[in-house]
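Have a look at the structure below before the remarks.
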């Protein structure tokens with residue numbers, strides 16, 4: 001299988017009271033094209049840090065992130081922002097939708113920032129909302145949506161620009177079990193239907209078992225799970 005995202009010898013160190021705090025130590029990982037991979041690890045293990053590095057939101061202390069065969073280690077902040085905007089979609093535990101805009105507008109705006117015409121952005125946004133069965137809420141603001149509806153809108157926003165990689169940090173962690181299962185099924189179906197590659201952090205091993213592979217963080221390295 002062809003690699004879409006590679007983490008190579010990733011190290012991430014912080015300093016706490018003048019002492020180094022090592023979060024990741026020579027961590028390696030390959031996400032293949034079309035794969036759905038679960039990142040299963042307890043709170044505080046470094047899941048969010050790993051996702052932020054993979055998504056070019058945070059620079060590693062050492063190592064390289066290779067996206068679609070392109071090294072990102074020495075890219076400028078502007079270059080990293082452009083790569084992230086075009087190639088990476090994010091979904092978080094809390095939706096982070098813009099409260100003053102409707103569900104539809106929340107999906108249109110990132111596309112227009114990326115350079116899409118409004119008519120094209122609106123058409124794609126409506127198709128995504130329809131696919132995720134939340135089109136009837138298109139003109140409602142986030143505060144008027146249920147938790148599950150908010151997350152489905154957030155998923156639509158994350159994939160609207162046509163990224164090659166989707167990164168999700170506990171996307172169902174704030175939902176009840178029934179809604180969580182529904183949102184996960186919607187997310188995984190969209191990933192498979194669109195040919196995306198996805199790395200999804202979750203505490204839910206039942207959901208993780210439905211993905212192609214499972215990884216965890218052990219002794220500050222990335223380890224495959226059965």
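Heads up, the Cβ atoms here are built off N, Cα and C, so glycines get one too.
Swiss-Prot has this to say about the protein:
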DOMAIN    5-225  domain 'ABC transporter'
BINDING   41, 42, 43, 44, 45, 46, 47, 48  ATP binding site
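The Cβ of residue 46 (ATP binding site) lies under 8 Å from the Cβ of 12, 23, 24, 217, 220, each of which sits 6+ residues away along the same chain. Under DSSP, residue 45 (ATP binding site) is assigned to coil, being neither helix nor strand in the three-state scheme.
Neighbour list (residue 41 (ATP binding site), Cβ cut-off 8 Å, at least 6 residues apart, same chain): 47, 201, 216, 217. Summary: among the binding-site residues (43, 48), the fewest other C-beta atoms within 10 A of the C-beta are counted at 43. The ATP site is set by 41, 42, 43, 44, 45, 46, 47, 48; from the centre of their CB atoms, other residues of the chain with a CB within 8 Å are 217. Within the same chain, residues at least six positions away from residue 42 (ATP binding site) with a Cβ under 8 Å of its Cβ are 203. The number of other Cβ atoms within 10 Å of the Cβ belonging to residue 44 (ATP binding site), over all protein chains shown, comes to 9.
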